[in-house]
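Participant: Handing you this structure, nothing more for now.
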Amino acid sequence: MSVPEVQWAQVVEKAGTPPVYKQVPVPKPGPDEILVKMRYSGVCHTDLHAMKGDWPLPSKMPLIGGHEGAGVVVAKGELVKDEDFKIGDRAGIKWLNGSCLSCEMCMQADEPLCPHASLSGYTVDGTFQQYTIGKAALASKIPDNVPLDAAAPILCAGITVYKGLKESGARPGQTVAIVGAGGGLGSLAQQYAKAMGLRTIAIDSGDEKKAMCEQLGAEVFIDFSKSADVVADVKAATPGGLGAHAVILLAVAEKPFQQATEYVRSHGSVVAIGLPANAFLKAPVFTTVVRMINIKGSYVGNRQDGVEALDFFARGLIKAPFKKAPLQDLPQIFELMGQGKIAGRYVLEIPE
């Protein structure tokens, strides 16, 4: 396949400034890398943080964001075997762009925790461009029966919430409270939870998000902006008023992280996934100990988690709710995201 020398991309020139739609050189893959012609890229709240530069994690600048890219392999390095990727294969570029594959973390299938990991759209350029590079070992193969536009959100949001649900330890028939249920991660978390046999309580705000959550199978929707007592409402929605077996925190504000231990049941798990800037997670030591509450973080997923998350979609168990928009509209999408006005996920159409 012929590859041009230049391409269109959304480039953040300086942290805190909106991306600029401009032409940049097309990167060339290294020996162990693939070059993917992007068809679609999801827009994640992480991309907004990368633009703002408000995380305690240095990013490259200028930066091409994005880490939910789905497309077709158009070039590859000499070390990439055909059984891994051939020219023309469908491929996904995820948040974890590459890792060393030889440290203790990588050896025990915790590649996201690799101290040498490269992160798409953060420490290396990501998927808000026509052509993106990724390490072949970490890229995802997208099944032929999964549409590329629908696959894009699965590559980060889907994998992340699927991993978080596994980390929660919740078993079929048990109840999971999903905080931020109406967003891109939350809309997928509800579906993965249902497919895993879990019952869900959706916590978010707004009529549009309520309608979407109910359509996705939430047994109860709690609007935190209208509720006089979120803790009491969650408990009231569970058998015996004992609280949720697990809480999945996808929120981008600090308060839900302080509140979750109040409505998780004894011996339950609070799983922190959302990353509000400059926030802290606090809980009373006495209550946490005597109620045996498990508080943990869950960070994206490893290669096998990615395979499993895509397989759920391929088997028709997940329907990613998303809206399409052209790559040129990214700044406006960031504005809506910052205002909390997006239900589901936006997927960018990358120009040919």
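Keep in mind that glycine also has a Cβ here, set from the backbone N, Cα and C atoms.
According to Swiss-Prot, the protein carries these features:
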BINDING   Cys44, His67, Cys156  Zn(2+) 1 binding site
BINDING   Cys100, Cys103, Cys106, Cys114  Zn(2+) 2 binding site
BINDING   Gly180, Ala181, Gly182, Gly183, Gly184, Leu185, Gly186, Asp204, Lys209, Ile273, Gly274, Leu275, Arg345  NAD(+) binding site
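Help me understand the surroundings of these features in the structure.
Facilitator: Secondary structure from DSSP puts Cys44 (Zn(2+) 1 binding site) in coil.
In this view, Cys106 (Zn(2+) 2 binding site) is surrounded by 20 other Cβ atoms within 10 Å of its Cβ, with every protein chain counted.
Gly180 (NAD(+) binding site) carries neither a helix nor a strand DSSP state and counts as coil. Neighbour density for Gly180 (NAD(+) binding site): within 10 A of its CB lie 27 other CB atoms from the protein chains shown.
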Participant: Compile a sequence-ordered list of residues in the same chain as Cys114 (Zn(2+) 2 binding site), six or more apart from it, whose Cβ lies below 8 A from its Cβ; state 'none' when nothing qualifies.
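Facilitator: Within the chain, Cys114 (Zn(2+) 2 binding site) has Cβ neighbours under 8 Å at Ser99, Cys100, Leu101, Cys103, Met105, Cys106.
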Participant: C-alpha of Lys209 (NAD(+) binding site) to C-alpha of His67 (Zn(2+) 1 binding site): distance in Å?
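Facilitator: Computed Cα spacing between Lys209 (NAD(+) binding site) and His67 (Zn(2+) 1 binding site) is 24 Å.
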Participant: Test of understanding: give the count of other CB atoms lying within 10 angstroms of the CB of Cys44 (Zn(2+) 1 binding site).
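Facilitator: Total other Cβ atoms inside 10 Å, all chains included: 26.
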Participant: Would you mind ranking the binding-site residues Gly182, Gly184, Gly186, Gly274 by how many other Cβ atoms sit within 10 Å of each Cβ and giving me the lowest?
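Facilitator: Among the binding-site residues Gly182, Gly184, Gly186, Gly274, the sparsest Cβ neighbourhood within 10 Å belongs to Gly274.
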